[in-house]
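Visitor: Have a look at this one before I ask anything.
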Amino acid sequence: MASNSEKNPLLSDEKPKSTEENKSSKPESASGSSTSSAMPGLNFNAFDFSNMASILNDPSIREMAEQIAKDPAFNQLAEQLQRSIPNAGQEGGFPNFDPQQYVNTMQQVMHNPEFKTMAEKLGTALVQDPQMSPFLDAFSNPETAEHFTERMARMKEDPELKPILDEIDAGGPSAMMKYWNDPEVLKKLGEAMGMPVAGLPDQTVSAEPEVAEEGEEEESIVHQTASLGDVEGLKAALASGGNKDEEDSEGRTALHFACGYGELKCAQVLIDAGASVNAVDKNKNTPLHYAAGYGRKECVSLLLENGAAVTLQNLDEKTPIDVAKLNSQLEVVKLLEKDAFL
């Protein structure tokens with residue numbers, strides 16, 4: 001699988017920005033520069049919705065969307081759509097699809113003047129915005145669609161996110177508008193979809209291995225299985241001679257990937273196999289830096305239980321605690337500080 005060999009922004013001399021700036025459209029590194037060194041896989045993070053968010057936050061589009069969300073007639077149409085597929089939201093249920101009712105309702109939606117105006121304006125903005133081009137291209141990629149489906153399935157099993165997704169399913173446009181204005185929810189959704197965080201490289205990984213282009217490295221099976229949470233595949237790779245501490249071109253080991261993604265079982269398998277918990281990548285980030293920055297609390301606990309150092313600094317002189325603070329991972333900060341003072 002191809003990897004991004006661009007210069008890692010952690011080496012930048014720029015000063016850190018504020019927390020609010022770190023939530024802007026481009027993820028910030030520990031030194032305040034844009035993240036450019038991506039984990040193996042897609043160079044463009046198809047799950048970073050920040051560009052689309054900026055378009056949807058356009059005052060005129062937001063005003064129209066809010067009007068539609070509050071429009072009783074439009075909400076009635078949304079209810080009709082839900083009734084046309086009555087079992088769609090039930091776990092394990094097969095939809096009882098009423099095609100005629102669905103088509104009739106969609107025709108009414110499309111003839112709603114406000115909806116048509118908003119859709120046309122939004123469509124024009126999306127097509128004309130150069131920053132949205134890679135987003136649209138990525139979602140036409142079958143690998144991205146498969147990865148999206150996989151992440152959505154995980155989100156529906158997440159105890160924190162499941163109630164939110166259920167409410168959006170049940171509440172329609174009004175529920176969507178409610179959560180679109182909630183930065184904490186957007187942050188959780190972004191983390192669940194693998195969006196990058198401040199202080200660390202982009203985490204995006206494609207669901208299937210790509211053919212390595214000339215001059216680019218191919219991702220090892222150990223790295224790939226650890227990234228995707230394939231426990232049995234990882235065990236098989238190690239049993240067949242895979243190197244538990246193999247490094248990619250950026251110096252990252254399988255444990256870096258497993259901890260960055262929160263793949264606890266894979267991290268445990270690697271540690272049981274003797275993987276170094278204090279391995280450093282080319283920017284001196286340890287697996288604990290990754291787990292802390294991405295808020296993977298269980299992986300942080302596992303690493304600490306197995307002797308991971310809390311005080312090691314990366315090239316930007318940031319400890320795992322610093323990276324956790326930079327990304328507002330408060331529960332992780334408490335855990336790390338407790339260990340540091342033992």
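Quick reminder: no glycine exception, Cβ is built from N, Cα and C everywhere.
Per Swiss-Prot, the features are:
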- His223, Glu246: 1,2-diacyl-3-O-(beta-D-galactosyl)-sn-glycerol binding site (BINDING)
- 12-26: compositional bias 'Basic and acidic residues' (COMPBIAS)
- 27-37: compositional bias 'Low complexity' (COMPBIAS)
- 1-41: region 'Disordered' (REGION)
- 283-312: repeat 'ANK 3' (REPEAT)
Visitor: Could you please provide the mean pLDDT value for the repeat 'ANK 3' (283-312)?
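Guide: Mean pLDDT, the repeat 'ANK 3' (283-312): 94.
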Visitor: If you count the other Cβ atoms within 10 Å of each Cβ, which of the binding-site residues His223, Glu246 comes out on top?
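Guide: Max Cβ neighbours within 10 Å, all protein chains included: His223.
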Visitor: Using DSSP reduced to three states, classify Glu246 (1,2-diacyl-3-O-(beta-D-galactosyl)-sn-glycerol binding site) as helix, strand or coil.
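Guide: The residue in question, Glu246 (1,2-diacyl-3-O-(beta-D-galactosyl)-sn-glycerol binding site), is coil (DSSP, three-state).
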Visitor: Run through the repeat 'ANK 3' (283-312) and tell me, per DSSP, how many residues are helix, strand and coil.
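Guide: Taking each residue of the repeat 'ANK 3' (283-312) in turn, the totals are 16 helix, 0 strand, 14 coil.
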Visitor: Should His223 (1,2-diacyl-3-O-(beta-D-galactosyl)-sn-glycerol binding site) be counted as helix, strand, or coil on the basis of DSSP?
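Guide: The three-state answer is helix.
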